[in-house]
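One structure is given here, and the rest of the page talks about it.
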Amino acid sequence: SVFTVLVLTLLVMLTLATFLWNLLVLATILRVKAFHRVPHNLVASTAVSDVLVAALVMPLSLVKELSAGRRWRLGRALCLVWVSFDVLCCTASIWNVTAIALDRYWSITRHLQYTLLARRRISNVMIALTWVLSAAISLAPLLGWGETYSPEQERCQVSQDPSYAIVSTGGAFYLPLCVVLFVYWKIYKASKFPMGVRRRNAVVPLPEAAQVKEASREPQMVFTARRAAITFQTDGETWREQKEKKAALMVGILIGVFVLCWIPFFITELISPLCSCNIPPIWKSIFLWLGYSNSFFNPLIYTAFNKNYNNAFKNLFVKQR
């Protein structure tokens, strides 16, 4: 039908856009030396997982969608490869988003203790743990924890063993979900400043009255010296407050899109094995591709809130020309 052709065209475009956009982010990070540091290494790790989703997972999922009855006709070996990379890359993408949220949280709330050296070490540890945990969850079915391929029914899916469903969904989604929600709540509290409020602080006393006014760009600082002491008022927000609010907004949008994309899929993945419910295949496909779309939105959110990426993209295309 025309509707089916439109849907498949949309899925092909989503796959290509996800691959190309994340590949562009990776190329930019590799070419620009200023991006060879934290937090761009976390962004690079996320882009790697999202590129693998688009290159190895989404095309085989599309082949499955095209087959009659959504049956798997590519054999057992390719089924195991597809399921393993599906769980590995999607789990890594989710935990990389969690690592970015944690990095923003520590940089805002502990900016004095969270030095560049400490930030680099912690980010590298988080990247390593992300991929190790993702590999452990994806390889468990290959070691005998449940079955992914049924030759009689020509079915290929993530292991439906109830114990594996609990562990895999908990480690791949529900645990990072709790972490990112807690982190965003703390970031929101740390960066929430009342608008239009003037903060006053006392400085050293002066013997004589004086008054000095200094006008500058936002935020405007007004210094007033009176008989006993000097006080200063801050109109508007300081540079650090603006940076913290911008980081809080970016993390909030990143987490919001992540939750909206993945929560329908992981709810069905947890409920279906436990209650032996038969969820219609069309809904499974919708929830699965909605989760895949998170790999497309991630680089859009990073670049939208970072002018350096936009400038780097422009310079990259200019040099190519």
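Cβ from N, Cα, C; glycine included.
Since the structure is predicted, the reported quantities are computational estimates derived from the model, not experimental observations.
Listed in TrEMBL for this protein:
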- 6-30: transmembrane segment (TRANSMEM)
- 21-302: domain 'G-protein coupled receptors family 1 profile' (DOMAIN)
- 42-60: transmembrane segment (TRANSMEM)
- 80-102: transmembrane segment (TRANSMEM)
- 122-144: transmembrane segment (TRANSMEM)
- 164-185: transmembrane segment (TRANSMEM)
- 247-267: transmembrane segment (TRANSMEM)
- 287-305: transmembrane segment (TRANSMEM)
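Long-range Cβ contacts of the transmembrane segment (6-30) within its own chain (Cβ-Cβ under 8 Å, at least 6 residues beyond either end) map to 36, 40, 43-44, 47-48, 50-51, 53-55, 58-59, 62, 65-66, 289, 292-293, 295-296, 298-300, 302-303, 309, 312-313, 316. With Cβ pairs under 8 Å as the measure, the transmembrane segment (122-144) is packed most heavily against 80-102, out of 80-102, 164-185, 247-267, 287-305. Beyond the ends of the transmembrane segment (80-102), by six or more residues, the same chain brings 39, 42-43, 45-46, 49-50, 52-53, 56-57, 60-61, 74, 123, 126-127, 129-131, 133-135, 137-139, 141-142, 148-149, 156-158, 168, 171-173, 176, 179-180, 183-184, 187, 251, 254-255, 258, 262, 291-292, 294-295, 298 to within a C-beta distance below 8 angstroms of the stretch. Regional average pLDDT for the domain 'G-protein coupled receptors family 1 profile' (21-302) in the model is 81.
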